[in-house]
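Novice: Provided herewith is a single structure, encoded as structure tokens, for subsequent inquiry.
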Amino acid sequence: MINIGIHGSNGRMGTQIRLCLEDDEQAKASAFFDQGSNYEDFFNKCDVIIDFSTPKGCEDLLLYARSNPKPLVIGTTGLDTKQNELMQSASITMPILYATNMSLGVAILKKLSYLASEALRDFDIEILEMHHNKKKDAPSGTAMTLAQNVAKARNLDLEKVRVSGRDGIIGQRSKDEIAVMSLRGGDIVGSHRVGFYNEGEFIELNHSATSRATFAKGAIKCAKWLVSQENGLYDIDDCLGI
């Protein structure tokens, strides 16, 4: 039985992971960390940790783990450059799996969008993401991952070609432009569309999650896989072998 620690256990995702583990025959929720918890006790009770907290919470976790290595599955989004660099350096002494979206379907969407971007170089690319009205960051981490992915397929620097919105008389769309748009409303769990548009035809790749259990189950699958891996930085593609 794999003992899983939940970092950010009182949040939406932490709660969902706990529920999904209740019926799991291979793993159990053995430790819970939220504000006011003790890292030493938390680390001693688990074999692997799943983190869905905040950027600052994730940073604190990584700083402690550097001296107390433990396999980490990180699903927290909105990390800045410093925090990403901290994750990279920490992965030298422990296995870390980082994914902005733990859905297995989104992993396939990422793969398909890369192939489409590479093959359809004359097509314009537009990305649209939709989430609930309580989501704090925009664009979503998943949308940015998808954008980086399609830009990489065309050897483009995303920071130079990304557009976040359009208003007024802005002129003709540039050839390499990649738009990433965000909508917020209601209780939408998560929806992402990567569109490829050309004269006379277009292709749209869509993924929608209808339950947070989708992400929780993906994170648990990653934790089970990661606990037996060597030190290094992984993503969900490594877990799925795609």
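Placed from the backbone N, Cα and C atoms, the Cβ positions cover glycine too.
So Swiss-Prot says this about it:
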type     : residues                                                         : note
BINDING  : G8, S9, N10, G11, R12, M13, G75, T76, T77, A99, T100, N101, M102 : NAD(+) binding site
ACT_SITE : H131                                                             : active site, proton donor/acceptor
BINDING  : H132, G141, T142                                                 : (S)-2,3,4,5-tetrahydrodipicolinate binding site
ACT_SITE : K135                                                             : active site, proton donor
Novice: Would you find the one among the binding-site residues N10, T77, T100, T142 whose Cβ has the most company, meaning other Cβ atoms within 10 Å?
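Specialist: Counting every other Cβ within 10 Å of each candidate, the maximum falls on T142.
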Novice: What residues, ordered by sequence, lie under 8 A Cβ-to-Cβ from H132 ((S)-2,3,4,5-tetrahydrodipicolinate binding site) and sit at least six positions away in the same chain?
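Specialist: Same-chain residues close to H132 ((S)-2,3,4,5-tetrahydrodipicolinate binding site) (Cβ under 8 Å, separated by 6 or more) are R184, G185, G186, D187, I188, V189.
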Novice: Using C-alpha atoms only, work out the spacing between G8 (NAD(+) binding site) and K135 (active site, proton donor) and round it to an integer in Å.
Specialist: 16
Novice: Check the Cα distances from T142 ((S)-2,3,4,5-tetrahydrodipicolinate binding site) to each of the recorded positions N10, T100, H131 and keep only the ones within 10 Å.
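Specialist: Within 10 Å Cα-Cα: T100.
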Novice: Calculate the distance in Å between the alpha carbons (Cα) of M102 (NAD(+) binding site) and G141 ((S)-2,3,4,5-tetrahydrodipicolinate binding site), and round it to a whole number.
Specialist: 11
Novice: What's the CA-CA gap between N10 (NAD(+) binding site) and the residue listed as 'active site, proton donor' in angstrom, rounded?
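Specialist: The residue listed as 'active site, proton donor' has its Cα 16 Å from the Cα of N10 (NAD(+) binding site).
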Novice: Please list residues from the chain of R12 (NAD(+) binding site) whose Cβ is under 8 angstroms from its Cβ, counting only those at least six apart in sequence.
Specialist: F52, R212
Novice: Out of G8, G75, G141, which of the binding-site residues has the smallest number of neighbouring Cβ atoms within 10 Å?
Specialist: G141
Novice: So which other residues, same chain and not among H132, G141, T142, have a Cβ within 8 Å of the centroid of the Cβ atoms at the (S)-2,3,4,5-tetrahydrodipicolinate site?
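Specialist: Residues close to the (S)-2,3,4,5-tetrahydrodipicolinate site, other than H132, G141, T142: T77, T100, N101, E129, H131, K135, D137, S140, A143, G190.
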Novice: In Å, how long is the longest CA to CA span across G8, S9, N10, G11, R12, M13, G75, T76, T77, A99, T100, N101, M102, which the record gives as the NAD(+) binders?
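Specialist: Binding-site diameter by Cα atoms for NAD(+): 20 Å.
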Novice: Using a 10 Å radius around each Cβ and all protein chains in view, which of these active-site residues has the most neighbours: H131, K135?
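Specialist: Answer returned by the neighbour count: H131.
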Novice: To the nearest Å, how far is the Cα of T77 (NAD(+) binding site) from the Cα of the residue listed as 'active site, proton donor/acceptor'?
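Specialist: Computed Cα spacing between T77 (NAD(+) binding site) and the residue listed as 'active site, proton donor/acceptor' is 14 Å.
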Novice: Run through the Cβ atoms and count how many others sit within 10 Å of the one on M102 (NAD(+) binding site).
Specialist: 30
